[in-house]
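Some notes on the structure that comes next.
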Amino acid sequence: MSRRGGPSVLAIVLAGGEGKRLMPLTADRAKPAVPFGGIYRLIDFALSNIANSGFLKMVVLTQYKSHSLDRHIAKAWRMSTMLGNYVAPVPAQQRRGKQWFAGSADAIYQSLNLIHDEKPDIVVVVGADHVYRMDFAQMVDRHIESGARASVAAIRQPIELADQFGVIELAEGGGQKIGAFREKPSDPVGLADAPHEILASMGNYVFDTDALVEAVTTDADNANSKHDMGGDIIPAFVDKGEAYAYDFRDNDIPGVTDRDFGYWRDVGTIDSFYDSHMDLVSIHPIFNLYNYAWPIRTSDVGYPPAKFVHGASDRSGMATGSMISPGCIVSGSVIGNSVLSTNVKVHSFAQVDDAILMDNVEIGRSCRIRRAIIDKDVYVPDNASIGLNHDDDRARGFTVTESGITVVGKGTVIPA
Ligand code: ADQ
């Protein structure tokens, strides 16, 4: 789809990540399908950014445990009147026989037919694992102005995190040309003006179509390659002097204030996932879901409004400092500092604090829940407690992080 007068752009969303560090939330779903913020899935942020950028032709490359991802895309995005049929999930083509799950560059290689069919001028490739707002159209404009064949979105990060990122070193001469790119280095060098920071790749790229096709085709024949965008493809462009960095600080988003300017968060661990939810329910969250100038879209869940009733207790159910999704019923119980996804029921005399409760969770009478994440379809029987005694939590098979967050996996049956 081309913006008026602009180049034609195809957006490819890499959505095959395993998300091992998010276990048990990724036990049977890919990381981009992990529920976030009550009504969203992680992939909604990437897809909303692309749609808001004006790029309505997008394909989502799914590989790993993609069932719930496919379902979500069909419900939330393929049926969307705005996008018509443009969002298409594309499973692995299995061109490599058994070896169908390889790196992200292989996923693009296996789907080259889509690029050949579409014949875009530019291909925008984005990950699906992060929470942020970004206008990719501005990055495409800068890509074209710079004469780059490949552009890499870049953000400063603490040097301790270098081994989680592709680290960019700009070429000498003061421009945005990339001089070196090392994927997850263990011996990073800090920036000249900020020795405790590095310039990290955000895993979002803009390519001239012919250059991308050639790069992934050449890479596919390379037996020494891991077929990884960050590990193999970008370094190859850097070697040829054709890669430029795009500074995320130049990205100007409507409605974004000083506070959330530059917000980009990998919710790749339970702790970061939990913390970003606690940010959402804080008085002045850094990431503002209520910025309608750059809306984050998801499926229309079709549930009735959340409801607060007396139930068996002598006072009404209530929630403070919380986000309560449609379909929830809070009956004679108290919720504080929590995020409730759709269709959650909390019964009388229960107390839920600092928690994330996902779809269809039901909390029985007089339960106590604290600092916990409870995944979908879990029934917590009357009088149970979760998050108050970690030994007890572990004995029941729940995951407890070092920082003391208890995670109950999807569909776990908790004995009475
Ligand atoms: P990682 O996130 O570690 O680093 P990767 O695991 O390849 O890299 O994930 C990148 C994206 O590709 C994710 O959205 C993931 O879901 C998806 N993906 C991975 N393998 C896939 C496959 N076979 N098919 C489809 N999708 C797949 C990357 C870059 C770093 C950069 C960080 C930023 O390699 O250079 O710094 O992202 O977080």
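Glycine is no exception: its Cβ is also placed from the backbone N, Cα and C atoms.
These numbers come from a predicted model, not from an experiment.
Among Ser146, Ser201, the residue that TrEMBL places alongside Gly166, Glu183, Lys184 at the alpha-D-glucose 1-phosphate binding site is Ser201.
Using the Cβ center of Gly166, Glu183, Lys184, Ser201 for alpha-D-glucose 1-phosphate, the list of other same-chain residues with Cβ within 8 Å runs, in sequence order, Phe165, Val167, Phe181, Arg182, Pro185, Ala200, Gly230, Gly231, Ile234. Mean pLDDT for the domain 'Nucleotidyl transferase' (11-280) in this predicted model: 89. In sequence order, Val152, Phe181, Arg182, Glu183, Lys184, Ala200, Ser201, Gly203, Gly230, Gly231, Ile234 are the residues of the chain that are 6 or more apart from Gly166 (alpha-D-glucose 1-phosphate binding site) and have a CB within less than 8 Å of its CB.
In the three-state DSSP classification, Gly166 (alpha-D-glucose 1-phosphate binding site) falls within a strand. Under 6 Å, Cβ to nearest atom of ligand 1: this is the test, and of the binding-site residues Gly166, Lys184, Ser201 it is passed by Gly166, Ser201.
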